[in-house]
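To start, the structure itself, in structure tokens.
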């Protein structure tokens, strides 16, 4: 009877593994279009623009016995290849640089979170917003 239960468990886990490997229920890490906002304190407007960012699921694991072993590094969806684009904020006073640069994702991968280039926080409940009045969307892809 124990052998039968072990065989049944092995078959169930095997089938579950095949089913799970067919594809994740969430989209994998990839470039997606997103609308972002740009403003500067001295400039009277906010510009929203559409660009590509990295977003999606990265497989992760958590140790069952974290007290005994050190924590496993968690990978995040981050830039693999990128280029930079810029927008000009209209109406900035003299002496204030009106240009705002931002990354455009060309490709993404799951890797360690580097605070120098990645927002490592979780999903946001509200989009980033501006304090100044917005101008119409600009498209950068």
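Just so it is clear, glycine is given a Cβ too, placed from its N, Cα and C backbone atoms.
According to Swiss-Prot, the signal peptide annotation covers 1-20.
If you draw a 10 Å sphere around the CB of residue 29 (disulfide bond), it holds 22 other CB atoms from the protein chains shown. For 29-77 (among others), the entry in Swiss-Prot reads disulfide bond, with the evidence type similarity to another entry.
The N-linked glycosylation site annotation in Swiss-Prot covers 33.
Marked as disulfide bond by Swiss-Prot: 43-92 (among others).
Here Swiss-Prot flags 46-130 (among others) as disulfide bond, drawing on similarity to another entry. Of all the Cβ atoms in the protein chains shown, 14 others lie within 10 Å of the Cβ of residue 130 (disulfide bond).
Less than 8 angstroms from the CB of residue 54 (disulfide bond) sit 29, 30, 31, 32, 77, 78, 79, 105, 108, each of them six or more residues away in the same chain. Residues annotated as disulfide bond in Swiss-Prot: 54-108 (among others).
Feature annotation from Swiss-Prot assigns disulfide bond to 58-110 (among others). According to DSSP, residue 58 (disulfide bond) is assigned to coil rather than to any helix or strand.
Sequence-distant contacts of residue 120 (disulfide bond), defined as residues of its own chain at least six apart whose C-beta falls under 8 angstroms from its C-beta, comprise 76, 113. What Swiss-Prot lists as disulfide bond is 113-120 (among others).
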In Å, rounded, how far does the Cα of residue 43 (disulfide bond) sit from the Cα of residue 58 (disulfide bond)?
38
Cβ-Cβ neighbours of residue 33 (N-linked glycosylation site) (radius 10 Å):
13
Counting every protein chain present, what is the number of Cβ atoms, excluding its own, within 10 Å of the Cβ of residue 108 (disulfide bond)?
23
Among 43, 46, 58, 92, 113, all listed as disulfide-bonded residues, which has the most CB atoms within 10 Å of its CB?
43
Looking at Cβ-Cβ distances, which residues of the chain lie under 8 angstroms from residue 110 (disulfide bond) while being 6 or more apart from it?
29, 58, 59, 75, 76, 77, 78
